[in-house]
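Read the structure below first, then the notes.
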Amino acid sequence: MRANDALQVLGLLFSLARGSEVGNSQAVCPGTLNGLSVTGDAENQYQTLYKLYERCEVVMGNLEIVLTGHNADLSFLQWIREVTGYVLVAMNEFSTLPLPNLRVVRGTQVYDGKFAIFVMLNYNTNSSHALRQLRLTQLTEILSGGVYIEKNDKLCHMDTIDWRDIVRDRDAEIVVKDNGRSCPPCHEVCKGRCWGPGSEDCQTLTKTICAPQCNGHCFGPNPNQCCHDECAGGCSGPQDTDCFACRHFNDSGACVPRCPQPLVYNKLTFQLEPNPHTKYQYGGVCVASCPHNFVVDQTSCVRACPPDKMEVDKNGLKMCEPCGGLCPKACEGTGSGSRFQTVDSSNIDGFVNCTKILGNLDFLITGLNGDPWHKIPALDPEKLNVFRTVREITGYLNIQSWPPHMHNFSVFSNLTTIGGRSLYNRGFSLLIMKNLNVTSLGFRSLKEISAGRIYISANRQLCYHHSLNWTKVLRGPTEERLDIKHNRPRRDCVAEGKVCDPLCSSGGCWGPGPGQCLSCRNYSRGGVCVTHCNFLNGEPREFAHEAECFSCHPECQPMEGTATCNGSGSDTCAQCAHFRDGPHCVSSCPHGVLGAKGPIYKYPDVQNECRPCHENCTQGCKGPELQDCLGQTLVLIGKTHLTMALTVIAGLVVIFMMLGGTFLYWRGRRIQNKRAMRRYLERGESIEPLDPSEKANKVLARIFKETELRKLKVLGSGVFGTVHKGVWIPEGESIKIPVCIKVIEDKSGRQSFQAVTDHMLAIGSLDHAHIVRLLGLCPGSSLQLVTQYLPLGSLLDHVRQHRGALGPQLLLNWGVQIAKGMYYLEEHGMVHRNLAARNVLLKSPSQVQVADFGVADLLPPDDKQLLYSEAKTPIKWMALESIHFGKYTHQSDVWSYGVTVWELMTFGAEPYAGLRLAEVPDLLEKGERLAQPQICTIDVYMVMVKCWMIDENIRPTFKELANEFTRMARDPPRYLVIKRESGPGIAPGPEPHGLTNKKLEEVELEPELDLDLDLEAEEDNLATTTLGSALSLPVGTLNRPRGSQSLLSPSSGYMPMNQGNLGESCQESAVSGSSERCPRPVSLHPMPRGCLASESSEGHVTGSEAELQEKVSMCRSRSRSRSPRPRGDSAYHSQRHSLLTPVTPLSPPGLEEEDVNGYVMPDTHLKGTPSSREGTLSSVGLSSVLGTEEEDEDEEYEYMNRRRRHSPPHPPRPSSLEELGYEYMDVGSDLSASLGSTQSCPLHPVPIMPTAGTTPDEDYEYMNRQRDGGGPGGDYAAMGACPASEQGYEEMRAFQGPGHQAPHVHYARLKTLRSLEATDSAFDNPDYWHSRLFPKANAQRT
């Protein structure tokens, strides 16, 4: 069985190595190491040989042919030219061994300890079948080992071979006996040396026929026909490239004694530096890189690192490096989740040489004293020393029992970190209790306890712990993390002298002596505190770095009275002990050290400085002149000045011709690559339909092969898979197209992506300027979706990094483009499910594209359900119906669109920052929403609020959103106000550039892949504009006044949807001309503003949110079954009619002034036509936000920017604020809420109260106010406010700092109708729904 397993492993290695090219395109295959052991019958053995050696040229190992039948066809062995190990032929019945091309047997492994060729017992005693010929006609070299050919009854001509001409080692044993006797003679042309009777079977002699001048092989008898010294097996000429085989290594066809070394000597820096042309030894071949299943050990390719080295990855190269002690070894711990509950005699040996414990370590009394119930004997205390190698414990350390004769825990003297990833009992990461004989802790190397509490109790003899400063060990806050009690009192310890060593600092110590200090008062050497380092005396001399003593380099000469060195390098010595080569002290001058152009030789002068030898010295020297060279004297060939001049001129001409040719070739390849890249990016494929009755669909995506895609690095990971940066290498092409590869896997394992589905074809057929087009897909066990690589990254990262360079025009244009992309997806029936700023990518600084759509529908239904335990579910971007019922529609995407726009307007703030995800659904049910961003007017904010309506049918469509943002993008400063901060006396600097030139070059050129991505801009007909104009702010943005801000920043908070006095406050401040804007709504709790870097951290469910799943399941169980109102019902149409009925007709589509990218430019509407604000989706009125009903049944949305309408006159303006019944923001008061009925209320104007000290120039209006003619000075139509008796929503007063309230205004107070109950936020409460939707006036309750 063991031999069979070995064959299977070698077969696997063969399949990996087969077909690889090394050296001169040699087909390399692995050998075997089974000896005379065989598995199965002769037929099975033959099949194994065939799989291993078909078309093989170089056998990396041993060629073993054992127990093969007489009718076996071994002609597949004829290609073998070299065997690195031995050749074993035994117990076979075939007549001829066809190895006519075998030239060299290296003998790196020998059979029976001494034979490179072993042939024995190749006959059948019951038949005439036997081995008769060894056709090794080309075998001319056995580098190591002897020959054994015995007991082959029918094998002939073996005694005619001159084995000394083949075997290099003269002392090698050669045994040839007891073989065939009745053999025909050799052919006369062979002169008695042959492998068979024919004239073609003569032995080729390459040594014994050579002239005496030849040291090895030759290709003729003349003295000038000697082979190169590096040849093996003969040659066809005198050069190292004429060898039949190489004695040592084959470097690109030339035989060399060693492969190019990884380090070469630099004459300028006097250092060994990495050789850019290094190669590694792979068998007898020099290769530029080892096969993927090998690692580099110094200069060789090996299958595994030796025991004292570990495998590391350096710049993508797997290498073996010394461990510097014990090599890292991770071991399983004890406790919860482990097979063992405690360390005991049954598992203690499993911790030998462990450096890292994955889990916990528990020391209980049942482990040390034994467990009779489980028949586990007592633990030998001496075996606890295996833990001296442990440096890290990822979980906790629990010591509740310890051997009586051990008075500390010094077996953990090398422990540096306790991770606390899993905690014991009440959250302890270090627990030491009831160890009656322990006097000190002894954790001398412990530097960090990452998490958890410390419990040290009931250790009657324990001292020294009183002195420890635990804040230096604990990470994070230390309050309430220490529970140390009932140990030996401090006064008793002091009385017995059990105090810290005087060399310890005030940080305390773990035990007695200078080696147990937490930190040192002066210096430390090897973890032991000392008074001073050996600066001026003592051995070895030292220098100090961060109060740590380090030894000087061994080549530094110890100095008296002054410092010997100032660092650890050989170039930091004050004086060298032996020689100095440049700035470095060395033990000897370089002698034959490999340099960039050959070996380097130097000699020491009288000052022991290393000086270079003459350039013609090839074996060293003793001086600078040519006559000082060691060895043979070289004859110099004089050259005239004319010859030198002609040589230089000819060289320059050749160089210029090569440069010109290279440039032309490079340009031609560049043009070809551009054309090929354009062809592949633009061209789609027609894929046959899955149903024969369907028509073939034009699918823009391709079906890739796995060999065409190459992943370079991981860009990120999300809910459905991992995104890689990679390249697409079309089959048969040499171009590399940069792409993004998203690997989608079904975690349940129930779905395979082997077949191409209709949904995959649907995704592949999508093509729009504002969605990331799918270039293709690669089916398989995991589905790979391939899109074009956009180096500018996500829109979320962009707005965070360049918030100081983003203007309102660009922000609104991005909103238009995202809406257009989502509208295109809606037209094609594609629900996104995960729209967020992180899933919007920048194709250019002015064009964005929606990405990551349609991925969820590729997985089975169970995997698309909302799982609160999933670590990356975007709860904060999801609509309520998606959170509670797993319902995803285009209108749930509208909700996510509103959150995405909010992210843009807050420059990448995290939604609901500071809130646990379990609180978000309840918060949304109560009617609270994200707060109004600081740069947004009420118009823009109301568009967001409409996207967050409870009833999905009331939310706008993406077409309406695109039209609305297009309208706003024509006058950006009117809707977005961005104020730049500048201090007094500081002139505002130039507007910062959004991107550096380097990043812009990355958009056009990917240097790593040698591609010009400027082609993408040409394909899309993008205008070549500078980045400064793309990111510039409109004129006047910097000087627009800003209102006062709330003390609690709303940019990262949320807003209750039922703030009754918000509109009134805003109206009053806007109408009165005050420079102070109305305070923004704030959250119930202060929330810190924050933003995280990855998709998995931005508002996604974490492991600590397990309670949310329970809440949702309870909410679902209580919810009533309701049929959602279809989009086509009367209420929906009436609302859409009110939103889309234009007052002034819009310009036809052909005249719409925007570019192909949806980038709308300001001030482009017709001069003679006033811009209409009612023809597109407008901002919702406060009464709509608050859940009240309008008087007019046909109009359920109130426009914030009203025109003069022919309507019945308003009621007379009240004479006082008390008559209005309004409730204003209570500055400085506590937050309160009220909830009333859902009766409709009429609109009343707001009285204008002038504020002292304000001027008309300070006034800034968000809305387009037109004269209404209603009352004195009233040129503004107030938004609807209800008296207290008619309000059907909550009112909230926001905190505001002192000084923001006009002193002369008196505010009326409203009494709340009833307090908010818990059932008001439940889905099964009809009052909740009717209080937050916008039904018609005659809507019936259900």
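Heads up, the Cβ atoms here are built off N, Cα and C, so glycines get one too.
Scan Swiss-Prot for phosphoserine across Ser236, Ser686, Ser1179, Ser1240 and the hit is Ser686. Out of Cys533, Cys556, Cys565, the record in Swiss-Prot bonds Cys549 through a disulfide to Cys533.
Which of 320-339, 980-999 counts as region 'Disordered' depends on Swiss-Prot, and there it is 980-999.
Ranking the disulfide-bonded residues Cys186, Cys227, Cys520, Cys529, Cys552 by C-beta neighbours within 10 Å puts Cys227 at the top. Less than 8 angstroms from the CB of Cys259 (disulfide bond) sit Phe249, Asp251, Thr278, Lys279, Tyr280, Gln281, Cys286, Thr299, each of them six or more residues away in the same chain. Taking the C-alpha atom of Cys210 (disulfide bond) as reference, the shortest distance to any of the recorded positions Cys194, Cys243, Cys305, Cys565, Asn834 belongs to Cys243. All protein chains considered, the CB of Cys320 (disulfide bond) has 19 other CB atoms within 10 Å. Cys190 (disulfide bond) falls within a helical segment according to DSSP. Between the CA atoms of Cys235 (disulfide bond) and Cys573 (disulfide bond) there is a gap of 53 Å, rounded to the nearest whole number. Rounded to the nearest whole angstrom, the C-alpha distance between Cys194 (disulfide bond) and Cys202 (disulfide bond) is 4. In this structure, the disulfide-bonded residues Cys190, Cys231, Cys235, Cys323, Cys556 were compared by how many other Cβ atoms lie within 10 Å of their Cβ, and the smallest count belongs to Cys323.
Candidate disulfide-bonded residues: Cys194, Cys218, Cys226. Fewest other C-beta atoms within 10 angstroms, Cys226. Within the set of disulfide-bonded residues (Cys214, Cys286, Cys305, Cys327, Cys565), the lowest number of other Cβ atoms found within 10 Å of a Cβ is recorded at Cys327. For the disulfide-bonded residues Cys202, Cys226, Cys231, Cys552, a Cα to Cα distance of within 10 angstroms from Cys186 (disulfide bond) holds for Cys202.
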